[in-house]
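As written in Swiss-Prot, here are the features:
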{"type": "BINDING", "residues": "ARG58, THR59, ARG108, HIS136, GLN139, GLY264, PRO265", "note": "carbamoyl phosphate binding site"}
{"type": "BINDING", "residues": "LYS86, ARG169, ARG223", "note": "L-aspartate binding site"}
Amino acid sequence: MSLNCKDLLGLEHLGKKDLQTILDSVGPFKSLFTRSVKKVPTLVGKTVVTLFYEPSTRTRNSFEIAAKRLSADVVNVTVNTSSIVKGESLIDTGKTLEAMKADYLIIRHSLAGAPDILARNLNASIINAGDGFHEHPTQGLLDLYTMYEKKKKIEGLKVLLVGDILHSRVAKSNIWALIKMGAEIAVVGPPTLIPSNIEDLGVKVYYDLNEAIKKVDVVNILRIQLERQQENLFPSVHEYVELYQVTEERLAMAKPGVLIMHPGPMNRGIEISSDVADSPNAVINEQVTNGIAVRMAVLCLLKPKRKNASSD
């Protein structure tokens, strides 16, 4: 199995067939985690470079572990000690790394579209690890897989996204994937943090969490970006907590088997209470584990372009 593309730039333009191919490929990689030796030689001789212009704990380390478990060589570029601080352009940085025979380049950037710029200029496979407010496709995929693993289906699932939908690249990747796989999606948050016209995608909009949380199968809680308060997009942290924190009391309003998810890092006591984060309904740590297996699958399914390859 493979994807019919060399890059993973987002989920908006990834078809249902490719999404299902990824879901079907994750299980065998996850089964390696229970073995004493967790490595396979699938990518031996390949070089994976991570290029993160923004901070990351989970995503960068997850990609590194995934690549190493596939026996790839991994190079982490430290932006603040590289030529980037001397003004080197994104394309020149990418071409330099490709000249060093990098096969995969995993990039996180504050600029929406930065991975696409590299994909159009390089033969290496480009994987978007988060670009501005645009997308975070592997987070969307690991969230999708976690739901699939726990609920045994995606079609017909009722999924609620809570919080800052407007600025969340995680929300956007979740929405694109879930729409294509047939889930019913709802969002809830302050009106200033809900995108206009999101209902045109078939997404139901709520502003009352107590109402929205009833009858859903999955609650995916997004990190509230506290800097948004300075932009007057919500009045105060205290008011946000009162209206939108997922608490034990609100969890009791949902179905008994509702999944509680969070992409991390969590602001305990703000968007989610500690009781809920540590509850049996929470699968937050399982999301992290699944992220490694999902990223292993993505690395194996993409097809880097062979420069100067002869035609058949």
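Each Cβ is built from the backbone N, Cα and C atoms, and glycine gets one as well.
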Euclidean distance between Cα atoms of ARG169 (L-aspartate binding site) and ARG108 (carbamoyl phosphate binding site), Å: 12
In the chain carrying HIS136 (carbamoyl phosphate binding site), residues 6 or more apart in sequence that have Cβ under 8 angstroms from it: THR59, ASN128, ALA129, GLY130, ARG169, VAL170, LYS172, SER173, PRO263
Environment of ARG58, THR59, ARG108, HIS136, GLN139, GLY264, PRO265, the listed carbamoyl phosphate site - residues of the same chain whose CB lies within 8 A of the CB centroid: SER56, THR57, ALA129, GLY130, VAL170, PRO263
Lowest local Cβ density among GLY264, PRO265, which the record lists as binding-site residues, within 10 Å: PRO265
Distance from ARG223 (L-aspartate binding site) back to ARG58 (carbamoyl phosphate binding site), taken between C-alpha atoms, in Å: 14
Nonlocal neighbours by CB distance (under 8 Å) for ARG223 (L-aspartate binding site), same chain, sequence gap 6 or more: GLY163, ASP164, HIS262, PRO263, GLY264, PRO265, MET266, ASN267, GLU271
Same chain, 6+ residues apart, C-beta under 8 Å of the C-beta of GLN139 (carbamoyl phosphate binding site), given in sequence order: THR59, GLY130, ARG169, VAL170, SER173, ASN174, PRO263, GLY291
